[in-house]
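Annotated heme b b562 binding site per Swiss-Prot: His83, His182, in sequence order, evidence recorded as similarity to another entry. The heme b b566 binding site annotation in Swiss-Prot covers His97, His196, and the record cites similarity to another entry as its basis. Positions annotated as ubiquinone binding site by Swiss-Prot, on the basis of similarity to another entry: His201. Taken from Swiss-Prot, the feature transmembrane segment applies to 33-53, 77-98, 113-133, 178-198, 226-246, 288-308, 320-340, 347-367.
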Amino acid sequence: MANLRKTHPLLKIANDALVDLPAPSNISVWWNFGSLLGLCLAAQILTGLFLAMHYTSDIATAFSSVAHICRDVNYGWLIRSMHANGASFFFICIYLHIGRGLYYGSYLYKETWNIGVILLLLVMMTAFVGYVLPWGQMSFWGATVITNLLSAVPYIGNSLVQWIWGGFSVDNATLTRFFAFHFLFPFVIAAMTMIHLIFLHETGSTNPTGLNSDADKISFHPYFSYKDLLGFAILLIALITLALFSPNLLGDPDNFTPANPLVTPPHIKPEWYFLFAYAILRSIPNKLGGVLALLFSILILMLVPVLHTSKQRALTFRPFSQFLFWLLVANVAILTWIGGMPVEHPFIIIGQIASFLYFFIFLILVPTTGLLENKMLEWQ
């Protein structure tokens, strides 16, 4: 008689995804980040659920309720710290996961890749509305600045902003709906993750060579299930260490001050994981242009499969394209630094050069280099 896990309608799905899944024998640690993102999502939903039990989404009590969680709720300080820093680890994993996809040509699985980009947008939206909830100074002014960007939409801009706000400024209605969105989105993300995996399992994973690995597959369990568990342990140790030893390292001190519409903080800036996009937004002196650049800085990922000109999939055997990849990584690091700096010389011009280079690498240099490398492979 066949094993129950292979015949039971529900267990069969889990078995095909987690036990008997054929995986390439040579996938490296860079393939761990998908499962780590799943762990991050589960941890965020769990800690978020416990926070939501004690949080109140009203401007009169939101800030106090967060203070109450940290002071009076059993291990509330830990739950909040894990949730806030968990978001940072979520983005570390997501950026490494995308970097892996770009380096090894995973984007050629177009459905999986495009759903991944939609997932990135959903996670970014969730993080944004979540940052508003503690109702500190940076929460309030961050919400004001970013929602105001919608006013750049021609003709309907102002109506759109007031519709999002639920009034004529960021107020109680805004906070309440942002809490509703922040509660809802993670479950939408979980559903989209399932679709992401369904499309991935249609084709199977890529591998570091970029070659077809059908001839050399191993089962997911026990090999990669244990490899994933090691990743889980490392991530959780790192997260707990940060949450216990320096929980406010990545936060903004301005958010310890309750929101005040009459006092603008000297430097309005988002959390570190949005700084690269914020730098691109600020580097264009026109409002609509900046908003479009901000949007396109993420959506450009959807163009990557179209701009793939090389005969090889991965960058493993393509030194020139490898150089461009690391140039892009360095460029994003520079943008992240610039996003946290005040708008003054020389940061303005550095930001503008880095923003130009960001799009130039994706749209011009990568496809051209792919064609060049194809030419170099021709035997004469």
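Glycine is treated like the rest: Cβ placed from N, Cα and C.
The binding-site residues considered are His83, His201; of these, His201 has the fewest other C-beta atoms within 10 angstroms of its C-beta. Just going by CB pairs under 8 A, the stretch in 33-53, 113-133, 226-246, 347-367 that sits most against the transmembrane segment (178-198) is 113-133.
Same-chain residues lying 6 or more positions outside the transmembrane segment (113-133) and placing a CB less than 8 Å from one of its CB atoms are 55, 57, 62, 66, 87, 90-91, 94, 97-98, 101, 106-107, 139-140, 142-143, 146, 174-175, 178-179, 181-182, 185-186, 188-189, 192-193, 195-196, 199, 270-271, 273-274, 298-299, 301-302, 304-305. His83 (heme b b562 binding site) sits 21 Å from His97 (heme b b566 binding site), counting Cα to Cα. Residue pair His196 (heme b b566 binding site) / His182 (heme b b562 binding site) shows a Cα separation of 21 Å.
Each residue contributes its Cα atom, and for His182 (heme b b562 binding site) and His97 (heme b b566 binding site) those atoms are 23 Å apart.
Sequence-distant contacts of the transmembrane segment (347-367) (same chain, at least 6 residues past either end, Cβ-Cβ under 8 Å): 279-280, 282-284, 293, 296-297, 300, 303-304, 307-309, 321, 324, 327-328, 331-332, 334-335, 338-339, 341. In this structure the alpha carbons, written CA, of the residue listed as 'ubiquinone binding site' and His97 (heme b b566 binding site) are 17 Å apart.
His196 (heme b b566 binding site) has a Cβ environment of 21 other Cβ atoms inside 10 Å.
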